[in-house]
2 protein chains.
Amino acid sequence: MQLSELKQKFEQFLKQKGYKVTKSRLELIDKIASYGSHFEIEQLVVWVSNQDKGVASRSTIYRTVKLLQEFGAIREVIKLGNRTIYEFIAGKPHHEHLICVKCGKIIEFYREDIEEIQDKVCEEYKFTPLNHRLEIFGVCSECSYSVV
Amino acid sequence: MQLSELKQKFEQFLKQKGYKVTKSRLELIDKIASYGSHFEIEQLVVWVSNQDKGVASRSTIYRTVKLLQEFGAIREVIKLGNRTIYEFIAGKPHHEHLICVKCGKIIEFYREDIEEIQDKVCEEYKFTPLNHRLEIFGVCSECSYSVV
DNA sequence: CTAAATGCAAAAGTTTTGCATCGGC
DNA sequence: GCCGATGCAAAACTTTTGCATTTAG
């Protein structure tokens, strides 16, 4: 999906919910999109507040991240210790993550069979799935060469 | 595994690491074991400090939970919002979780094929897996009958 | 004009840490 | 006796919130 299209849809989402279309909200989508696919809120706060003009304050960033989750453009994908790593998913197909515990590298992968397993398990327990998250923690190939 | 056997192994673990076998550490295993399989640290702190004699302070509980994770008797299994839910796994076979976002119910399930998927994916990326966590968030059968 | 959004600072919640004291070994 | 463990209170982090002010519709 194009970024412009996403922003349009977000505007519709806001209007439909009775929220307001504000400069901060739209600019934050740009910032998040250009930040890279994975981010933590504190990084975003620092990065955004170092820009020419402050696009949004810390509270607005927290509030907007929540909104964007509700809208579906952002997802909490990795929970490691006390850190929460978000992902900008706009239009991206669903996928899971490998996380290198040494260097922090994140590798995305998709397996159709995980979706099938989810469906089977949920059917068995009469459970209505909303979303899932599979995190595989380990050591990536580069880090496994280092002795440390 | 018997609790007594687990405690013995934990003692060995402590000695081998050069840590000390203390009353708090051993009693905390009992407390955690009798708490039920899933717990949050704050619950544990409150519960433990309401007992006759204070088995351990908040800091000791935090430190001991870390130790028990290192030992492998405890695992962070669910990360939901800002909450961390731990599980006492001593001897239990590996499994995944369904989490009802309405009532908080936790259902455990095991699928051999998830392990196989992990192996295949990791091989493909030359990634050495240490552990994984699959969380399926949704609504359980009981909650799906309620309109709220 | 009205209600919602923002920024700030304060508060709340969770986890960690410095340090004096206590307790295994 | 020595060195690690514990308890306490303070600090560090992360996230949320109350309120005065600004801004979208």
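Quick reminder: no glycine exception, Cβ is built from N, Cα and C everywhere.
Curation plays no part in TrEMBL annotations; they are all automatic predictions.
A C-beta separation below 8 Å, combined with a sequence spacing of at least six in one chain, links A:His132 (Fe cation binding site) to A:Ile114, A:Gln118. According to TrEMBL, the feature Fe cation binding site maps to A:His94, A:Glu115, A:His132.
As annotated by TrEMBL, Zn(2+) binding site applies to A:Cys100, A:Cys103, A:Cys140, A:Cys143. In three-state terms derived from DSSP, A:Cys103 (Zn(2+) binding site) belongs to neither a helical nor a strand segment and is classed as coil.
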Least buried by Cβ count (within 10 Å) of the binding-site residues A:Cys100, A:Cys103, A:Cys140, A:Cys143: A:Cys103
Against chain B, in sequence order - binding-site residues A:His94, A:Cys103, A:Glu115, A:His132, A:Cys140, A:Cys143 with Cβ under 8 Å: A:His132, A:Cys140
Cβ-centroid neighbours of Zn(2+) site A:Cys100, A:Cys103, A:Cys140, A:Cys143, 8 Å, sequence order: A:Val101, A:Lys102, A:Gly104, A:Lys105, A:Val139, A:Ser141, A:Glu142, A:Ser144
Alpha-carbon spacing, A:Cys143 (Zn(2+) binding site) to A:His94 (Fe cation binding site), which is rounded to whole Å: 27
A:Cys143 (Zn(2+) binding site) - helix vs strand vs coil (DSSP): helix
Secondary structure at A:His132 (Fe cation binding site), reduced by DSSP to three states: strand
